[in-house]
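Features reported for this protein in TrEMBL:
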DOMAIN    67-370  domain 'Tryptophan synthase beta chain-like PALP'
MOD_RES   LYS104  N6-(pyridoxal phosphate)lysine
BINDING   ASN130, GLY231, ASN232, ALA233, GLY234, ASN235, THR369  pyridoxal 5'-phosphate binding site
Amino acid sequence: MYHLKCIECGAEYSKDEVIYTCSKCDGLLDVIYDYSSIKLDMEKLKTECPSVWKYAKLLPVEREPVTIKEGGTPLYKCDRLAEKIGVKELYVKHEGMNPTGSFKDRGMTVGVTKALELGMSTVACASTGNTSAALAIYGAKAGIPVVVLLPAGKVALGKIAQALMHGAKVLSIRGNFDDALALVRTLCSQEKIYLLNSINPYRLEGQKTIGFEIADQLGFKVPDRVVLPVGNAGNITAIYKGFREFKLLGITDSLPKMTGIQAAGSCPIVKAIQSGAPEITPEDNPETVATAIRIGNPVNATKALSAIRESGGTAESVTDEEILAAQKDLARLEGIGVEPASAASVAGLKKLVEMGTIGRDETVVCITTGHLLKDPQTVIDVCEEPTVVDADIESIREAIFGKKK
Ligand SMILES: Cc1ncc(COP(=O)(O)O)c(C=O)c1O
C-alpha cells in the first residue's frame, strides 16, 4: 500500500488522485509505502537479472506495466579511467543503454503505466530532449497521444528524431526549458492531460531503481559515493531514495554520498550547496554545451538539496571544456559513448579528486545518463573530420603513415 505525502507540510493524498504538488502549500510530493506490508523474495532478488520491474514490489503500480524492457543497464568497472583520475575503484553505470538511450525510460515505464491506471488518456512533458524521447516511446507503446514542449534550437538532434518518429506532437517553444515546464504545467492543470515531468512523484519511483541496481550489481554492497549530472534534480533525489529503501528493508547497510555535478553556466544547486543556502536561487539564462542539463530553476531542488546534505555528499560545477574532455576519456579509455551531460559526472569526479574533496581510496560509481548518439552534432563539432582519400592503396598508406612508399 502507498499514498502521497507533501514533503513540506505533511498533507497526505490518496494514490488515486491526479495531483503533482501539494494543494495546500505547493510543496513537492513523495510516494510513501507501508514497508511492513512489503514482503520481498530474497532468493529471487539475489538471482534474477536487474531490470526496473524486478523491483515491482517497491513500485507504485498495480496493473500490467507498459514496458519495453528498461533498466538492467551495465555497471562497468573502469580501471583505465580510475588510474587516470586517481581513484582506487571506479564504476560507470551506463544509463545510455536503456531502450531510448537514457535513464528517463525508468521513470516513463512507471509514469505512463500510472497514467493508464489513473484513467488519463493523453500525456505531456516539457523536456531538454531525453524526457520527450522516452515519453514518445512509452506513449506509443501504450497507444495514447503524447505532447512535448521543447526549448527551440536547444535540443540535440537524436532526441528530436526519437520524439518525431514515435509520433509525439512536438512543440518547439521560443523560450528555455524552465519556460516550457511552466507552460506544460499550466496546460495539464487546465486540460485532462497527465503531466510526466519529474515533478510527478511517480516518475521518480521508476528512477530510484538505478539505486537498487547499483547495489544489486555490486553484490548488495553500497559504493562510498555516487556521482551524477544534475539538471531538474529528479534523478539524484530518486537514486538516493532507492538506496534509502534498500537500507530500510535491511538489504544493504549503508548509504552512498550523493554528489551532484552541474555545468558552470547552469548551476543553482551547486551554489546553494556551496553557500549553505536553504534554497536555490534560480538562474535566468542557463547556458552549457550539455543541453540536457541546461536548467536554471530545477523543480526538485528541495528534495535534491536534502539528498546531498543528508548523505554527506556535495555538489560541484564543471566547465564545458572539462565536460567535453571527460566525454573523450570515457569514449577512448573505456569504450563508453555518452552525451555531454553524462560526461559531467566524470568531469566532476576528476575535479573533486584533484581538489581533495573525494578521497583516492573511495569506491565511486559515476552515472552516465544518456548515449553518445543522442547528440551527434557535438561530436562533429569537437572531433576531427574524416580524412577523404583517393580510392587507392598508396593514398590510404599516406593518410595512415604520412608518407608514400
Ligand atoms: C542526459 C541527461 N543527464 C542528466 C539529466 C538531468 O537529470 P535530472 O533532471 O533528473 O537532474 C537529464 C535530464 O534531462 C538528461 O537528459
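Keep in mind that glycine also has a Cβ here, set from the backbone N, Cα and C atoms.
On the structure: features taken from TrEMBL.
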| residue | record | Cβ within 10 Å |
| --- | --- | --- |
| LYS104 | N6-(pyridoxal phosphate)lysine | 35 |
| ASN130 | pyridoxal 5'-phosphate binding site | 33 |
| GLY231 | pyridoxal 5'-phosphate binding site | 30 |
| ASN232 | pyridoxal 5'-phosphate binding site | 26 |
| ALA233 | pyridoxal 5'-phosphate binding site | 27 |
| GLY234 | pyridoxal 5'-phosphate binding site | 26 |
| ASN235 | pyridoxal 5'-phosphate binding site | 28 |
| THR369 | pyridoxal 5'-phosphate binding site | 30 |
Legend entry - Conformational class of THR369 (pyridoxal 5'-phosphate binding site) under the three-state DSSP mapping: coil
Legend entry - Separation of alpha carbons, LYS104 (N6-(pyridoxal phosphate)lysine) and ASN235 (pyridoxal 5'-phosphate binding site) (Å): 9
Legend entry - Averaged pLDDT score, the domain 'Tryptophan synthase beta chain-like PALP' (67-370): 98
Legend entry - Cα distance (Å, whole number) from LYS104 (N6-(pyridoxal phosphate)lysine) to ASN232 (pyridoxal 5'-phosphate binding site): 12
